[in-house]
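Going by Swiss-Prot, these are the annotated features:
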REGION    1-251  region 'Methyltransferase domain'
ACT_SITE  ARG72  active site
ACT_SITE  TYR76  active site
BINDING   TYR98, HIS100, VAL103, ALA130, GLN172, ALA213, SER244, THR245  S-adenosyl-L-methionine binding site
ACT_SITE  TYR98  active site
REGION    252-378  region 'Clasp domain'
REGION    379-399  region 'Precursor leader'
MOD_RES   VAL401  N-methylvaline
MOD_RES   VAL403  N-methylvaline
MOD_RES   VAL404  N-methylvaline
MOD_RES   GLY405  N-methylglycine
MOD_RES   VAL406  N-methylvaline
MOD_RES   ILE407  N-methylisoleucine
MOD_RES   GLY408  N-methylglycine
MOD_RES   ILE410  N-methylisoleucine
MOD_RES   GLY411  N-methylglycine
MOD_RES   VAL413  N-methylvaline
Amino acid sequence: METSTQTKAGSLTIVGTGIESIGQMTLQALSYIEAAAKVFYCVIDPATEAFILTKNKNCVDLYQYYDNGKSRLNTYTQMSELMVREVRKGLDVVGVFYGHPGVFVNPSHRALAIAKSEGYRARMLPGVSAEDCLFADLCIDPSNPGCLTYEASDFLIRDRPVSIHSHLVLFQVGCVGIADFNFTGFDNNKFGVLVDRLEQEYGAEHPVVHYIAAMMPHQDPVTDKYTVAQLREPEIAKRVGGVSTFYIPPKARKASNLDIIRRLELLPAGQVPDKKARIYPANQWEPDVPEVEPYRPSDQAAIAQLADHAPPEQYQPLATSKAMSDVMTKLALDPKALADYKADHRAFAQSVPDLTPQERAALELGDSWAIRCAMKNMPSSLLDAARESGEEASQNGFPWVIVVGVIGVIGSVMSTE
């Protein structure tokens with residue numbers, strides 16, 4: 001049974017709505033909005049605002065605390081205090097912010113820290129950020145070849161380092177050096193300071209992508225490609241606004257460390273990797289990237305094997321009851337049910353009808369692998385082996401670690417076609 005050391009009435013949950021109107025709000029976020037005693041929100045489009053108001057009638061719009069010439073930091077302090085005050089009254093409060101509620105958001109972090117320090121239950125739920133949208137719309141993978149993310153003014157003030165071998169993402173490029181707020185937009189008159197730094201690091205002809213995520217479902221994102229020098233042109237500079245983000249692709253690819261490749265045994269003895277990583281698809285925004293064919297001999301061989309594919313012996317398809325599927329969905333989307341389960345696993349599991357004995361036992365235990373075994377109808381001996389020998393069980397066939405992605409960098413080292 002899992003119990004909480006925090007017994008104070010009142011809680012704070014911070015959620016995000018994503019960037020694109022309504023559609024990027026998670027089911028988890030929506031469930032907390034619906035269950036809250038009071039909701040405070042700060043969103044950027046009226047459709048999302050209207051949607052929130054249909055899900056909970058006890059809502060407060062935090063956007064009203066901005067004002068022309070008013071310090072944004074003062075506004076953020078006020079926003080956080082408004083939420084914490086209601087938590088202190090014993091209410092279950094939800095704070096809603098656009099995008100990811102913890103990415104380039106000040107009041108969410110402040111309110112959470114204060115609530116936690118005073119002994120209240122407080123947590124943040126993830127959301128879709130502008131950077132997530134950027135990765136999707138520009139079709140880039142932050143893991144290849146790595147990514148640095150900065151706020152533009154901080155990037156300049158603290159002389160943050162740049163790696164010309166990695167992606168660079170700069171937020172708030174439309175309000176460089178501006179600490180206050182204006183309903184009509186920002187006079188970005190220090191923008192040239194940012195351009196100077198980019199030219200210093202990358203040169204005048206290096207590409208920069210001006211990115212704005214789509215905020216409405218009928219819109220397309222802005223993905224305009226310029227050179228650093230073109231950013232100095234007034235007609236282009238004035239397109240950069242408060243919701244603009246810059247993506248700067250790598251200037252060059254870093255050479256592989258041959259000694260490390262040998263130590264990791266990524267290549268057969270005597271085989272030497274390419275000087276430049278060759279990965280398909282290539283980054284369309286990056287200059288001088290080697291072309292790679294989509295159907296190399298190794299790809300064709302892998303595709304040919306599909307004709308003879310059969311699920312391996314260790315693969316376990318889903319084999320769960322409707323009762324178990326329904327209760328796991330309820331735990332994911334019903335905050336009250338989740339609280340009841342966390343308070344007493346056994347009592348909750350006993351109250352659920354139509355579970356199989358293995359499913360009920362797993363739910364009582366609350367162990368994620370026990371639940372996986374029950375829903376996949378896997379032998380309980382696998383779970384027992386894992387408990388007895390820990391990591392050793394994974395070497396004997398227990399799926400202790402699930403790998404759902406392949407790092408392209410390793411693949412590029414191993415391919416010499």
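From the backbone N, Cα and C atoms, a Cβ is placed for every residue, glycine too.
Most Cβ neighbours within 10 Å among the recorded positions TYR76, TYR98: this distinction goes to TYR98. The DSSP breakdown of the region 'Clasp domain' (252-378) into helical (H, G, I), extended (E, B) and coil residues amounts to 64 helix, 0 strand, 63 coil. In this structure, the binding-site residues VAL103, ALA130, ALA213 were compared by how many other Cβ atoms lie within 10 Å of their Cβ, and the smallest count belongs to VAL103. In this structure the C-alpha atoms belonging to VAL103 (S-adenosyl-L-methionine binding site) and ARG72 (active site) are separated by 16 Å.
Checking each of the binding-site residues TYR98, HIS100, ALA130, ALA213 against ARG72 (active site) by C-alpha distance, the shortest gap belongs to TYR98. If you take the Cα of ALA213 (S-adenosyl-L-methionine binding site) and the Cα of TYR76 (active site), they are about 24 angstrom apart, rounded to a whole number. According to its DSSP assignment, ALA213 (S-adenosyl-L-methionine binding site) is coil.
SER244 (S-adenosyl-L-methionine binding site) falls within neither a helix nor a strand when secondary structure is assigned with DSSP, and so counts as coil.
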